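First comes the structure, then the notes that go with it.
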């Protein structure tokens, strides 16, 4: 199947850059002509079809640009504190993890609780859907186990045992064949979704693993640790390919870009670093924050990087030029989470100042403040269409905005 390491990394052809940087005022005719020149597969007879597709894409991108979000629902999800929230791809439902040892599945449209996943013996900390499919849920717990559940029925398929300390991060590969778990025991493990077996253990860090990320092809995984390093591993063999050394404090976050060519890392040392994913060499250090970098992410095309910091500001950098292209200032407290909408036209931040904010990534201008939470917001997410937002707060509510 996919992701066995047989696929070369996906390097998009040059013309895709123009599609990636398209916006609502782009001349579609000229763009398609440029694509046609560079792409022999698109013959003259196909031109109208391509124009139609690009116009649809442009329309989709344009829909988001003036979208205002309104509070739709406030959910008092759990009695005890929330740990995390996550959407399925469409945003039709989402999950919440909690100190009450459960994970709950919610219907976004009605705000109704669909089911409760019970069985862990301690805090449910890390949670995820196997997007884009969304038919399975993984939960990682302080009870040192990870469980795999049916999103439809709530049945527990497997309990993955083997870690000797709390599980604090987890991820499905895009192919939905493996789950990776990262633990306070300094190791990460890869588990087979079908048979529930441990496939491989990733050992080599000297402190907790608090971040992990598969690349899109599924042949590599990165782990970020409190030992100040990020390791790049071969998924098939569990061999460590590179150790990314350069940060001078704990890693807070690490991610691959879409074509698997770059890795971005954020650290408590106030910097963000960009690495060549193939060679493991450092490409750039992105500076400018005055305090710990708490979160970093690529946009969906991998052309821009967003960083958020304990200094209360966020920044956008161009991945190619490594230059800061926008500064987002206005939050009154640290920003623990940052993400692009899938269209790339908005950035969402979550802060300890009790607000989430929407920004224009091109100008750094604040477009909207999502107010109403009564305590710090630690989690925020878009659905795939970019028309629903979920926020999770220490006030123990989730808010749905649409």
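Backbone N, Cα and C define each Cβ position, glycine as well.
Taken together, the residues of the repeat 'WD' (75-116) have an average pLDDT of 95. Summarising the annotation, TrEMBL assigns repeat 'WD' to 75-116 (among others).
Positions annotated as repeat 'WD' by TrEMBL: 117-159 (among others).
TrEMBL lists 160-201 (among others) with the feature repeat 'WD'. Outside the repeat 'WD' (160-201), and at least 6 residues removed from its termini, the chain residues within Cβ reach (under 8 Å) are 1-3, 122-123, 125-133, 136, 138, 140-142, 144-148, 207-214, 216, 218, 221, 223, 225, 227, 233, 235, 237-238.
Annotation source TrEMBL lists repeat 'WD' at 202-243 (among others).
Under the heading repeat 'WD', TrEMBL lists 244-285 (among others).
The feature repeat 'WD' is assigned by TrEMBL to 286-327 (among others).
The repeat 'WD' annotation in TrEMBL covers 328-369 (among others). Nonlocal intrachain contacts for the repeat 'WD' (328-369), taken as residues 6+ away from its ends with a CB within less than 8 angstroms of a stretch CB, comprise 20, 23, 60-61, 64-65, 68-69, 291, 294-301, 304, 306-316, 375-382, 384-386, 389, 391, 393, 395.
Only residues 6 or more beyond the boundaries of the repeat 'WD' (370-402), in the same chain, are considered here, and those with a CB under 8 A from a CB of the stretch are 63-64, 67, 69-82, 84-87, 89-91, 94, 96, 106, 108, 111, 132, 333, 336-337, 339, 341-343, 345-346, 348-358. If you look up TrEMBL, you'll see 370-402 (among others) marked as repeat 'WD'.
Summarised by DSSP class, the composition of the repeat 'WD' (370-402) is 0 helix, 17 strand, 16 coil. Nonlocal intrachain contacts for the repeat 'WD' (117-159), taken as residues 6+ away from its ends with a CB within less than 8 angstroms of a stretch CB, comprise 83-90, 93, 95-99, 101-105, 165-172, 174, 176, 179, 181, 183, 191, 193, 196, 384. Applying DSSP to the repeat 'WD' (160-201) sorts its residues as follows: 0 helix, 22 strand, 20 coil. Per-class residue totals from DSSP over the repeat 'WD' (328-369), listed helix then strand then coil: 0 helix, 20 strand, 22 coil.
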